[in-house]
């Protein structure tokens, strides 16, 4: 990934389309478009931050329960522990501080996927293989809502790389960097997310948990794969979630500190250090509190995908292309862009409605600060 500039040098935001064109949104005088992008970025960053803390807390809970099956600690206790660690790590100054962590996250993701796919194959071929049910929901309306929720979740998965890549294009030359970075992100996402989801669905069917490790280590009965393999996978994903939380929170930090920092003073001056510690800590505490209060990982992924990633990935690039290059209204590219905007605006609206609907339905069945993550 390309090396972005320090936070003191963020005069503009650039978004590069799939065709390789670079779009520039000046932070001054950009009007509603600038605030629209900021809103989307904030929604995505916050959603990913909440999800990362939530899953990291669950990983700690899984490790704890394997060592102490009758322990008294709840999910929100582990979320609080993760939040404290994230507050400390959040003081890493900028993207420059995360370049090695980002590379380690890639290796951890590949290692986790390899271990989990192997564990799923082992579980599916063992004599204790669980019964599998691949049937869909009986209600046609429920199937439609679930389909749009799933589209939103897939958008969130494959949109994971776009915000760091947008940030990377701030360092010229931008052309070509984002395409290469996103191509690598999509290859890794396909190899990791799809390999785990397909193998998990093959073993557990529609009873598969959003965190496949929970299915491989059921509350009742023996583990369906070697404990050492599952323990290493839990450790890998836990460390990776810390890296994910750091990378995505950095974008939010840049937005906050653009307003609070004094660019004429050093990064570690008292004038900039104290506001940075307070703002970053409050942001992480907010994400941790929301993760503990509403442990709905699948639902949060759907909402973030519908509200954030679908507009950012499928609507905004086409809109900015038409606004920047102004193709003739009689041209094919203009109407192709308009068709994509219209179609995915509808998909985003339906995805938002179905995701929020599922979140409300799940919230009615579970208490706040539940000790179990809701799929």
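Any Cβ shown, glycine's included, is placed from N, Cα and C.
Just so you know, TrEMBL annotations never went through curation; they're auto-generated.
Annotation comment: TrEMBL describes 30-351 as domain 'Amino acid transporter transmembrane'. The annotation transmembrane segment is assigned in TrEMBL to 32-55, 75-92, 104-125, 145-163, 183-204, 224-248, 277-297, 303-320, 332-353.
Among 32-55, 75-92, 104-125, 277-297, 332-353, 332-353 has the largest number of CB pairs under 8 A with the transmembrane segment (303-320).
Tertiary neighbourhood of the transmembrane segment (332-353): same-chain residues 145, 148-149, 151-152, 155, 302-303, 305-307, 310-311, 314-315, 318-319, 321-322, selected by CB-CB distance under 8 Å and a gap of 6+ residues from either end. The stretch in closest packing with the transmembrane segment (224-248), judged by the count of Cβ pairs under 8 Å and taken from 32-55, 104-125, 277-297, is 104-125.
Sequence-distant neighbours of the transmembrane segment (32-55) (same chain, 6+ residues past either end, Cβ-Cβ under 8 Å): 13, 15, 25-26, 79, 82-83, 86, 156, 159-160, 163, 211, 237, 241-242, 244-245, 248-249, 251-252, 255, 283-284, 286-288, 290-291, 295, 297, 300-301, 303-304, 307-309, 311-312, 316, 320, 323, 373. Same-chain residues lying 6+ beyond the ends of the transmembrane segment (277-297) with a Cβ under 8 Å from its Cβ atoms: 46, 49-51, 53-55, 57, 75-76, 79-80, 82-83, 86-87, 90-91, 210-211, 245, 249, 252-253, 256-257, 260, 359, 362-363, 368-370, 372-375.
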